[in-house]
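Down below is the structure, laid out as structure tokens.
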Amino acid sequence: MTDTDRGTQRDRHSAFSLFTQQSLPACKPVLTPEWVIMTFLFIGFIFIPVGLVTLRASHSVVEIVERYDIGCVPEPFRIDKVSYIQDDSIPKNCSLSFKVPKYMKAPIYIYYQLDNYYQNHRRYVKSRSDKQLLHGQNEHGISSCQPVEVNNDRPIIPCGLIAWSLFNDTFTFIRNRAELKVNRKNIAWKSDRGHKFGKNVYPFNFQNGTLIGGGKLNPTIPLSDQEDLIVWMRTSALPSFRKLYGRIEKDLDVDDVVVVHLMNNYNTYSFGGKKKLVLSTTSWLGGKNDFLGLAYVFIGSSSVTIAVVFTLLHLLSPRH
Amino acid sequence: MARIRKRSIQLSKLCSFACCRSSSQDEHAQIGQKGYSRVVYCNEPDSQEQIRLRYRGNYVSTTKYTAVNFLPKSLFEQFRRVANIYFLVVACVSFSPLAPYSAPSIILPLVVVIGATMAKEGVEDWRRNLQDIEANNRKVEVYDKSSCSFRQTKWKDLRVGDLVKVCKDEYFPADLLLLSSSYEDVVCYVETMNLDGETNLKLKHALNVTSFYSSAESLKEFRAVIKCEDPNEHLYSFIGTLYFDCQQYSLSPQQILLRDSKLKNTEYIFGVVIFTGHDTKVMQNATDPPSKRTKIERRMDRIIYVLFSTLILVSFIGSLFFGIETNNDLSGGNYTRWYLRPDKTTVFFDPRRPAVAAFLHCLTGLMLYGYLIPISLYVSIEICKVLQSIFINQDQAMYDEEMDRPAHARTSNLNEELGQVHTILSDKTGTLTCNSMEFVKCSIAGTLYGRGMTEVEIALARKRGEQLTEQAPIDASESKKSFKGFNFRDEHIMDGKWVSEPQRDVIQKFFRVLATCHTAVPEVMGPDEIMYEAESPDEAAFVIAAREVGFEFFARNQTSIKLRELDPTSGIRVDRVYELLHVLEFSSARKRMSVIVKNPENQLLLLAKGADSVIFERLSKEGRAYEERTKEHIEKYSEAGLRTMAVAYRELDNDEYKTWEQEFLKAKTSVSADRDVLMDELACQIERDLILLGATAVEDKLQKGVPGCIDKLARAGIGIWVLTGDKRGTAINIGYACSLLRHGMKQIVITLELPEILAQEKEGDKEAIAEASLNSIKLQILKAKSQVTEESSTEFGLIIDGKSLTYAMDKNLVNSFMDLAMRCATVICCRSSPKQKAVITRLVKSVTGRTTLAIGDGANDVGMLQEADIGVGISGVEGMQAVMASDFAIAQFRFLERLLLVHGHWCYRRISMMICYFFYKNITFGFTLFWFEAYTSFSGQPAYNDWYMSCYNVFFTSLPVIALGVFDQDVSARLCLKHPLLYQEGVRNILFNWPRILGWMFNGLLSSIIIYFLTTNSITGPAFRKDGQVADYSVLGVTMYTCVVWTVNCQMALSINYFTWIQHLFIWGSIAFWYIFLVVYGSIPPTLSTTAYKVLVEACAPSILYWLTTLLVVIAALLPLLSYRAFQIRFQPMEHDRIQIQRRRPESTEYDATQRRLSESSEARTSSELPSEVRIRIDNLKASSKRKN
């Protein structure tokens, strides 16, 4: 009602007035039957091929999975596997062998897979100190590492449950009596090595307590080079997970027999977890995973089905 | 003015009808007692006595907050909302180890949300503060005793007892007692626009004893004491006594000048400050408007409770499983999950006390799943509503060029309620009609004068199917000089022709009465131009009519009225002065006014005009010569929708007058409480034995576009009630004129004007009358009900008068009456009082349980406006009271159509969609957290990084929702108006009913399942990149979060129908912002960014699987809604879907043609019946909505 208001009331055709009159040029999509059918068919025609290509990629991957947690416990100990694994006096070496079903092109990735292992448990995930990992000796930043932060009044490096429970089974691969070389470098993420784990931080006071969790670390190697630790410290998303162990940079032929000598140190028996060894090639998409391809095909074909059903109903029922 | 508009003046204190004079105690006698204790020492503000009383200064503050209390007070306001309290508690607890995420990440969104609301409050309050500063620093001249002169002082420094001088066109700085003015007869004129919005001038006059003090010198000696009532909010009452010169003088509102009113037409006045600052009447009147909440908001609160219950349930389930899992950590003395160190644990994870751990975990769960409650919901809704009201205010189609008034949403929180109106209760005068009165006809001495037809007559003629004769309506072109308020054409009277009429004496007397019997004030604008300031438009119309006929009223003072008349014998215009002896003013109870004058021939005359019923019963035997014919004419006029008034006079006998005057003056100066009663009685005594002269007919013109608008609203299925004070005939005719009553509609009339009742009334036994009336009404209602039930196919119009209504409101009858009323398409309550209007409104609201909208323009509608769910004020001629009590103000009734059908519909749709969507997006997000929990043995580890989560509501999903809430349009404004039936979506609340809300919630649940399970299965397990890396916790989090952001934003894109660049920017911008955020956040050092460090750049972006998964999940999550919408639109379209498709289909021309024909026919008004197909549809809708009740 003031003069300025009046001024704005008068000018009508500016862009601003289109805005205030709520009549901006707009696109008003409507789901007409034609559009519906087109859209669903379009989704179908995109998804099914994508799914098929994905499936193909997944099928091109050769994957060998060997479970060893039970097989590596000698027969007499199988009743009480927990006391077997906790008894340091019993040697833990074990070997298994398998035949390569298909030609595997290098690089062949070696994973260990744990099941029913809650690396994503809140208590577990929190129990680390990014500060300490990067900067080393620091008494203040380690309160988050409870309950594994100090031992004998001296801080543990690396502290926390995750580091403490480091996976410590080891594998050596033999083909035709010759050892297959396993490259264990560059298995961790580059940014982790470069920016999360300090180059001048060395393990200290680690696994010196009364209760020893998992693997030990060589105190002369800086954390940024302890790739096993770095891989382990990237906590998994789900209770069943794989972690990279190394790479075999030689091709494996069909029917090659690979013998694995392994040290079965890690205790998964007390919580009923499985341990598996996985050898896998990769495609452009990654590992062997049919799910994505199947899901694509499923979504695509349901979309086509909907389109067909819709079309039929549309044609059969007259518009009122 | 702007400041005033913010306040609403309480109804009862303004309305002329109000029971202000309820107490009949002797009020003046109470002075000095409780409630009447104020003492003012005039001209002695520094005296010990005055200072001891410690009255407040004149400093005013209308702000809600001060600088000191802003923070605590506004925070307190914020945390009155239960959801905000929850978030506050969560924020506090988040510092404890219970919290699943870091404390800052939960506090930041809370601070943003609360801060935004507080900033809004702060800005509003700052504006008020600026206005206060301006008002407090205005200057006024205050008398300084030492120098005997006036000096400039700021308003805020004014004290009680100060003498001030206010000049022309200045505002009064406080409530003043008028001492003297520049006029000799110590009157002054006051404009009270800021108080009650009335633009006419009001006359105030000082006591004669103080008139001597009219110069600065004389004031030095002035000493007096005022004892008066304590500060109160009654604008039109004042009780006080002036002790002056050892005498007592009683004071009345006549001497009081109120703060914020303006001095007009007077050079200056002197006054004494009585009430200052917050004690002034206008400040006492400032109350917060009654806060109204919309149905949607109330339902939203219930949904929040549902969500809270879900939250508690989900947390409970989580903690149950957590308890079991924790318990299992210790089996048979062995610790199973040794890597969690159950041997050296805290109470939160202690397997030895799993119940405690589970309980504490339940608290963690309440925090973690808190994302089910949308934190930003309230603030987003508030923002949207404010922007929506800006659009309403800016709408050119609701802007009245003539009056330069745009629509004004005075409260922004009722916008969506506009889309759900079930019943409109409308005032008639000033709302449906213009309230610009035009003098069109008169009956003098039993002869009809004035030709031409009114709009109502034309409509009536059409109704009867008569051919319109050559008597075309009077158009503007015919009248060379057309005046507002005058539309009278008759060659027998105009241009001095009346002189040659046979009854010229009577005509002369008739117009003299019109020219003298009023309270108008002339304002001479030029040599031939006189404007009148009148209290009502009727009165102005009479004075103008008299002027046009040749009885020009051109000057008045306290004691005389001057007319310039045509002398019938000489034919010359002469000035005649009538000595004005008394004015017996108009009141709604008296329904008449009269003046006693002495004409130049020294005859004493009583000139009266008033409602026919009142005047006719006061006629003398000789005065009834024209009674029969005049009655006939009045009947005819009221049939034609005209307002009538009878005009009469009486010659007074000198002696009789003398004795009467003595008594009257005594009564007038008496200070007893029954003064008014006494005066009324005395007025009655003199107003008798009148001689009837004739009657006037004034047309209350229909407002532009009213019939069309009402027709549209009826087609939209909105019931319309008209509540008017008019006679039944007038009301019915107006009903026809504005298509409330249509051809083919059956009228049900409930009345007490039946022979048997009238007969009883003559007997006068009040109880018997009441009983008989009640029975009669009961019978009529029952009969009408059976009639309505029998003929369900016809439409009915119910007409009931005020008296019958009082009986129909009887608590035994009210239900059946309301039942009957709800089945009628139109209800007209005539002869209803303002109070009845409010009562009816409340009844309709409570009986139907639906939204009611009241629309009115005058003070008498204030009660109705405040009672209704939505009050719409017409910012018309009658003042501002209605507007100040309203929630929306529009300039014309016809804008209601657009306000409801377009803005109401849009706002309803926007807000309901917005709320549904809010719940959807938060459920989607919250449940992905829950599914992830299930895979972490319910340990309370969130799936996402803390800061992703806290940004969810604030950054990645908020703007598109706001765009939806502000801009979305299902169909364009044009189509909204073209298809009024669309409005039923709001009335039946089908966009916000429980199935729909739960449907959206279910959709959210479904989306969360799809997102979680597709993502985890696609990403985790085997390598997710060519280089053999596997997806860890952080990669899964990012992928899932990406899918959530994409899904909720695309769902939004699917469910809105209107894409401008704004929507595109907000929706796609939000998604893009997520990626930008991820890059930026991922590039800060890992000690801060933790799991987000370089996660997109290094891990996800190079992985084709990541992108393919996003595509898969988003499409899969959209499919359910998309297919549902596709099938629903095709096979069970809602009204808006139908319209959208029609707009698209080229073959719809046929349908369009019928539509066009229908709308044309309604515009042309050849057939006022609703087209049958529309009616059938409305009936179906109504039936289905009834079933739902």
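Backbone N, Cα and C define each Cβ position, glycine as well.
In TrEMBL, annotation is done automatically, which means it is predicted and not curated.
What TrEMBL says about this one:
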ACT_SITE  B:Asp427  active site, 4-aspartylphosphate intermediate
BINDING   B:Asp427, B:Lys428, B:Thr429, B:Glu539, B:Phe586, B:Lys609, B:Arg643, B:Thr724, B:Gly725, B:Asp726, B:Arg831, B:Lys837, B:Asn860, B:Asp861  ATP binding site
BINDING   B:Asp427, B:Thr429, B:Asp857, B:Asp861  Mg(2+) binding site
COILED    B:116-143  coiled coil
COMPBIAS  B:1142-1163  compositional bias 'Basic and acidic residues'
DOMAIN    B:40-102  domain 'P-type ATPase N-terminal'
DOMAIN    B:883-1133  domain 'P-type ATPase C-terminal'
TRANSMEM  B:303-324  transmembrane segment
TRANSMEM  B:358-379  transmembrane segment
TRANSMEM  B:918-935  transmembrane segment
TRANSMEM  B:947-967  transmembrane segment
TRANSMEM  B:997-1015  transmembrane segment
TRANSMEM  B:1035-1058  transmembrane segment
TRANSMEM  B:1065-1084  transmembrane segment
TRANSMEM  B:1104-1124  transmembrane segment
Whole-number mean of pLDDT values that fall within the domain 'P-type ATPase C-terminal' (B:883-1133): 91
Separation of alpha carbons, B:Asp861 (Mg(2+) binding site) and B:Gly725 (ATP binding site) (Å): 11
Top Cα neighbour of B:Asp857 (Mg(2+) binding site) in the set of binding-site residues B:Thr429, B:Arg643, B:Arg831: B:Thr429
Helix, strand or coil at B:Asp427 (active site, 4-aspartylphosphate intermediate) [DSSP, three-state]: strand
Contact call for the transmembrane segment (B:918-935) and the transmembrane segment (B:1035-1058): at least 3 Cβ pairs under 8 Å, seq gap 6+: yes
Other C-beta atoms that fall within 10 angstroms of the C-beta of B:Gly725 (ATP binding site): 22
Lowest local Cβ density (other Cβ within 10 Å) among recorded positions: B:Asp427, B:Asp857, B:Asp861: B:Asp427
Residues B:Asp427, B:Lys428, B:Thr429, B:Glu539, B:Phe586, B:Lys609, B:Arg643, B:Thr724, B:Gly725, B:Asp726, B:Arg831, B:Lys837, B:Asn860, B:Asp861 binding ATP per the record - widest CA separation, whole Å: 27
Stretch among B:997-1015, B:1035-1058, B:1065-1084 sharing the most Cβ pairs under 8 Å with the transmembrane segment (B:947-967): B:1065-1084
Secondary structure content of the domain 'P-type ATPase N-terminal' (B:40-102), with strand meaning DSSP E or B: 27 helix, 3 strand, 33 coil
Residue with minimal Cβ packing [other Cβ atoms within 10 Å] among the binding-site residues B:Thr429, B:Asn860: B:Thr429
The residue listed as 'active site, 4-aspartylphosphate intermediate' and B:Asn860 (ATP binding site), Cα-Cα, nearest whole angstrom: 9
Same-chain residues at least 6 apart in sequence whose Cβ lies under 8 Å from B:Arg831 (ATP binding site): B:Thr724, B:Gly725, B:Asp726, B:Lys727, B:Arg728, B:Asp801, B:Gly802, B:Lys803
Cβ packing number for B:Arg643 (ATP binding site), 10 Å threshold: 20
Other C-beta atoms that fall within 10 angstroms of the C-beta of B:Phe586 (ATP binding site): 20
B:Arg643 (ATP binding site) in three-state DSSP notation: strand
From recorded positions B:Asp427, B:Thr429, B:Phe586, B:Arg643, the one whose Cα lies nearest B:Asp861 (Mg(2+) binding site): B:Asp427
Alpha-carbon distance [B:Arg643 (ATP binding site); B:Asp427 (active site, 4-aspartylphosphate intermediate)] in Å: 16
